[in-house]
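K.L.:
This structure is in structure tokens; I'll ask about it shortly.
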Amino acid sequence: LPVLYSLVFLVGLAGNILVIVVLLKYKRLKSMTDVYLLNLAISDLLFVLSLPFWSYFSVDQWVFGTPWCKIISWIYLVGFYSGIFFIMLMSIDRYLAIVRAVFSLKARTAFHGLITSLVVWLVALLASVPELVFRESFNEHNYTTCKPIFPGNFTTWKLFSTLEVNILGLLIPFIIMTFCYSMIIKTLVHCRNDKKNKAVKMIFAVMIVFFFFWTPYNIVIFLQLLEFMGVIKDCQVSRSLDYAFQVTEILGLFHCCLNPVIYFFMGEKFKKYLKMLFKNWQLPGYFCKWCGVHITYHTESTSSFHTQST
């Protein structure tokens, strides 16, 4: 487990920082799509930053105290919710660009992208508040753990927290994305556009990857809820669910470092911007700044992050 956590942390940290740098340095958020891509990278980065704590916890006990137990759990869940919300918004953005093209001319602006992004962050922060309220560093049988300690009716809170993750993190996004992409496919069948198709393929890949890596986790925590409520009583099934939870959680963790990989392999503009970035970071150019010599690299002007804005 620690090796996997470390691998995801390093790859996710480097990949998402590169996406953020490329967007801010070369794109400067000129379209709604770019705003959502930036926020998605920030969401994944938040998620990644919590991993060193969980890595240590997986091999030892929780030694960071209650305040960090609350904060790290909160950051983890904020990154989870905001990530799926921004993938959902990117699907809506593509739907507007392709299916509602006339309306999208006024709607798909960077300003509107910023406003909807702020709303998403607010919803993600509020949805994650129970982690701040109920998470505790708790000593049990000489072992300190970090887990939610619900007051009063434990069953009600357990039911609420599980269904919240299932509904906000899977069900609602699945319904909205399914609608958006079914309408997009229906439209593209009658009107083909290579640039639009490339953009759709990239965002569709982001969506598929998310559901592939997080749906098993959502299913397992729902089954654990059924076990907790006494619907599932078989001891062998209970042991299998404990193992399945660890496996699906690790699978979900890998998701946060895959979006940058998708951008690289499916986004021609991103590859070009990345080459420009590394070219400008060449060591001779860096040292010449200190010796007073200015070197200018001539780069080709490009119009969009992964494809031309629609």
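Glycine too: its Cβ is placed from the backbone N, Cα and C atoms.
Predicted, not measured: the structure shown is a model, and the values here were computed from it.
Look at TrEMBL and you will find 15-263 tagged as domain 'G-protein coupled receptors family 1 profile'. Sequence annotations record features per position, and here TrEMBL assigns transmembrane segment to 6-24, 36-59, 71-89, 110-129, 167-189, 201-223, 243-266.
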K.L.:
Would you mind giving the whole-number mean pLDDT across the domain 'G-protein coupled receptors family 1 profile' (15-263)?
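P.N.:
Mean pLDDT for the domain 'G-protein coupled receptors family 1 profile' (15-263): 85.
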K.L.:
Look over the recorded stretches 6-24, 36-59, 71-89, 167-189, 201-223 and say which has the most C-beta pairs under 8 A to the transmembrane segment (243-266).
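P.N.:
That would be 201-223.
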K.L.:
Count the Cβ pairs between the transmembrane segment (167-189) and the transmembrane segment (36-59) that lie under 8 angstroms and are 6 or more residues apart in sequence, then report whether there are at least 3.
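P.N.:
Contact criterion not met.
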K.L.:
Is the transmembrane segment (36-59) packed against any residues at least 6 beyond its ends, judged by a Cβ distance under 8 Å, and which are they?
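P.N.:
For the transmembrane segment (36-59), the far contacts come to 1-2, 5-6, 8-9, 12-13, 16-17, 19-20, 23-24, 29, 68, 72-73, 75-76, 78-80, 82-83, 86-87, 89-90, 93, 113, 117, 120-121, 124, 146, 206, 253, 256-257, 259-260, 263, 305-306.
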